[in-house]
């Protein structure tokens, strides 16, 4: 039994030293001494602050107001001015570029081809009315049993690009894509009337053909009148009305057939 105990003692015996652990303990003790000294310093300084006289300023920004009478600082006044500016902001529809008065004036101008157009209003990139009229045309064609939404938007996009290129060649000042799309879209309103008529009766006949020709002339006359007034192209209305008639003739073919 004594031999086994001697073997057990010899097996677990090693030359491992714990100098590093002692150094770590010493460094930990030094850290504790350092933090202890810092705490003692703060403990010594805190009573000095606690018993400081009341007339000594504690900070550079002291309170200068009276009780229940706060003094407005420049920051407070700036916040109040920012709050007041909310009332001066324009309405949301005006920020989005949607003006119902201008939409109504443009619609009346299209419905009455003999009425002179206001060039300042017509030279705006307003696409609210054109989108509504395109949707209305597609919806009335759908009521007639014709699913032509893709054709309506495709022909509109190609026609706007072609008319835009033509007007830039003919006019001196030039015109933007948004203005061309706005005018052509508003002048699509009579075509909506034609597609609504196709829901009630068939247009494949002499009366339907005459009605379609009348609507094409109405749309092209309104569009050419607006373009000439907005771009100051007097004497060139017939030259603009011809390509517009070709464009609206495609919409009439979709409606009749």
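Along the chain as shown, the residues are counted starting at 1.
Just so you know, glycine gets a Cβ as well, placed from its N, Cα and C.
Taken from TrEMBL, the feature compositional bias 'Polar residues' covers 28-45.
In the predicted structure, the domain 'Yip1' (112-253) carries a mean pLDDT of 89. Residues or ranges marked as domain 'Yip1' in TrEMBL: 112-253.
The region 'Disordered' annotation in TrEMBL covers 28-57.
Per TrEMBL, the feature transmembrane segment maps to 127-144 (among others).
The annotation transmembrane segment is assigned in TrEMBL to 151-171 (among others).
According to TrEMBL, the feature transmembrane segment maps to 183-203 (among others).
Within the chain, the transmembrane segment (210-233) has long-range Cβ neighbours (under 8 A, six or more residues past its boundaries) at 109-110, 113, 116-119, 122-123, 167, 170-171, 173, 175, 179, 183-184, 186-188, 190-191, 193-194, 197, 203, 240-242, 244-245, 248-249, 252, 255-256. TrEMBL lists 210-233 (among others) with the feature transmembrane segment.
Residues 137, 141, 146, 148, 151-152, 155, 159, 162-163, 166-167, 170, 184, 187-188, 191, 194-195, 198, 203-204, 208-209, 212, 215-217, 219-221, 223-224, 227-228, 233 of the same chain sit 6 or more residues outside the transmembrane segment (239-256) yet have a Cβ under 8 Å from a Cβ within it. Annotation source TrEMBL lists transmembrane segment at 239-256 (among others).
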Contact set, same chain, for the transmembrane segment (127-144): CB under 8 Å, 6 or more residues outside the stretch: 97-98, 103, 106-107, 152-153, 156, 178, 181-182, 184-186, 188-189, 191-192, 195-196, 198-199, 251, 254-255
